[in-house]
Amino acid sequence: MSKTTLTRRGVLRTGAVAGAGVALPTIFTASSARAFTNAPTGGSVTLGFNVPQTGPYADEGADELRAYELAVEHLNGGGDGGMLNTFSSKALDGSGILGKKVEYVTGDTQTKSDAARASAKSMIEKDGAIMITGGSSSGVAIAVQGLCQEAGVIFMAGLTHSNDTTGKDKKANGFRHFFNAYMSGAALAPVLAKMYGADRKAYHLTADYTWGWTQEESIKAATEALGWETVNAVKTPLAQTDFSSYIAPVLNSGADVLVLNHYGGNMVNSLTNAVQFGLREKQVNGKNFEIVVPLYSRLMARGAGENVKGIFGSTNWHWSLQDEGSKAFVQSFGTKYGFPPSQAAHTCYVQTLLYADAVQRAGSFDPCAVGEALAGFEFDGLGNGPTLYRAEDHQCFKDVLVVKGKENPTSEFDLLEVVEVTPRAQVEYAPDHPMFAGGSLGACNPGA
Amino acid sequence: MDAIILQILNGLDKGSAYALIALGLTLIFGTLGVVNFAHGALFMIGAFCAVTLNRLLTLSHQVVDETRTDFLGNPLKVDVPYMHDLFGEATGAAIIDWSVPLAILFSIPVMIAVGVIMERGLIKHFYRRPHADQILVTFGLAIVLQEIIKQIFGANPIPTPAPDAFTGSFDFGVLLGFDPNAIIYPYWRLVYFAFAALIIGAVFAFLQFTTFGMVVRAGMADRETVGLLGINIDRRFTIMFGLAAAVAGLAGVMYAPINSPNYHMGMDFLVLSFVVVVVGGMGSLPGAVAAGFLLGILESFASMNEIKQILPGIDQIIIYLVAIIILLTRPRGLMGRKGVMED
């Protein structure tokens, strides 16, 4: 049996050593590496792709998912490397991100904010996703961006065009590569004035939610600045399928242009109805009646069929662009899937590369470090020319395309033709522009 | 005045779709006593019959055009429909152009088969179950059918054009003495209205003037007595289910050029059609037709800017508002028999 003798000095010495031992990890953590949500520990890192796999935008979501899978393949060194070969930043080398193999999980947004938040939450909490990306509705993007801010992960927005995403609802953890409604207006209005004249009377039909409101505001402001008059602006419910009763009043309103602030199925139906009612053959105020679809996508154009011919709109990117980055992406995507990528696929692919590159340059997955690497980052080689990720609102600034429904398409993919590449300078605006005011970026949240 | 006439035309058009779907619903409820929530799905399947026939007629083989290139810079592969090979380019193109009217012939046997299979395979097991069970099972069936269509055809709307001869619009105003261009109405929507009137007339004539129809009407009034007379009323009711499915399907086929078919179009119409049936009176065929047109016209008027400025959002609730008023003042609906839902 051993005998233990307690002395005052002995207790003090033991206590000091034990105290230092307990404090040590805290000291190291505070000084060298901050804790953050879902810090990857093994040999892999998980990204969360949250896209509409069901619901009216499911085709768009499917194309986004194809692009994400292609991006993961390229990041892990597979395939032909795609835009990694043309990207101006050379931080990525095909060995994953920071040497970790890229893995992914997918979620279904159903194009519903609640479902999108639930699937993003599940990917963050259960699957350990360190970054969430995707979506094809501004309502969804804004909801998921808010969730990612609270959870302490980065949100790389997919397709979202509302000014509010990087306006009043902007968040420090959220980043948008896609263009916005203001940019559509700034790019489109001069082309419309050139084609149709400065003396026009416009009638707007607008989807009644965040994206529709900001698009209507943007297009009205841009066209009115060039001399157009807005005769009326009517909100239409998102669930509307037959727009005939909204189109009929346009006929006798005195308007000579109809602006359809509709997207997806809404746009397909409203444009079809407008064409059926003979608006395109009509003469008003001594001018040919015209229809404008400010936000175009190839997938929507396919739904609207013949009706899109000759109709102007804007788009973020198009597969016919001839810069090296776009060509590399189209080659890579087209070879793998057999058809050209949509603008949704492009923006999602680019966002994944941009995130991976930012982590690589920051040397850390910490969302605050990644955010710092992305904010104010200038790059090229990913389509649309030199691009800036503006620090003040995390919005990308780049050239915007004005497109027109092609008169003589050669295939089901060849539906839009680029009529003008609007230079970046023409679509830029101040961070405190009234259409983007009312919110604050706040501070980055690294989470746990 | 021209705006009012235009909205009346619009209402007749919407009403045509409501009336056709509601007619089928009422036929099923009146004969079998089943509240069929899968009826909208039958309308949707009809529209996809038009899509299917269009796809069959446009089946193509590829011919390489060395003079042009595809998006990857390879020689362009051009699709040449087999119809062009079989009948020559002009005739082949004309057959494809008329795919929607041709789909009427194609859809009738398909829809009758779908209806009979649905009735014999599932719904007959629910005849003696409460209406709530019938609603649940048919609603579930509607979702299953919707998802099958989505798996096959995808989620995006599929443009299905009317024949060239019926595209464009008709200057209705000139006919009524207005200025040119005052009331322009699409040809195909006029065709749709005429078609709906024809189908409704045919269904009524069938029930009124044929022996089969007379027996069915007798069965609707007193199923047991007709059965005791040695008539196999169940078989007749099954045939009626098939016919009701065909009516919904035809409504869908002809609707395809108006709004590109998509997998949830049945659900979009279903709830409204049920309100139409309830307003018209459960089990009343003339009630369903009258209420269909009435609510279609009211909905069109409610979406006029002048009305919405006074009552914002009225276009979204007008149908339900009318339903509430009618049910409060006349619970059996406009032309319904007393106590139909009480047994």
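Glycine is treated like the rest: Cβ placed from N, Cα and C.
Keep in mind that TrEMBL annotations are predicted by a computer and have not been checked by a curator.
Here is what TrEMBL records for this protein:
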TRANSMEM  B:16-35  transmembrane segment
TRANSMEM  B:42-64  transmembrane segment
TRANSMEM  B:102-123  transmembrane segment
TRANSMEM  B:190-216  transmembrane segment
TRANSMEM  B:237-258  transmembrane segment
TRANSMEM  B:270-298  transmembrane segment
TRANSMEM  B:310-328  transmembrane segment
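With respect to Cβ pairs under 8 Å, the transmembrane segment (B:16-35) is most closely packed against B:270-298, considering the stretches B:102-123, B:190-216, B:237-258, B:270-298, B:310-328. By the Cβ criterion (under 8 Å, sequence separation of 6 or more), the transmembrane segment (B:237-258) is not in contact with the transmembrane segment (B:310-328), since fewer than 3 such pairs are found. Non-local neighbours of the transmembrane segment (B:102-123) in the same chain are 32, 34, 36, 38, 42, 45-46, 49-50, 52-54, 57, 95, 134, 137-138, 141, 238-239, 241-246, 248-250, 252-254, 256; each lies 6+ residues outside the stretch with a CB under 8 Å from one of its CB atoms. A Cβ distance under 8 Å defines the sequence-distant neighbours of the transmembrane segment (B:310-328), meaning residues of its chain 6+ beyond its ends; these are 272, 275, 278-279, 294-295, 298-299, 302-303, 334.
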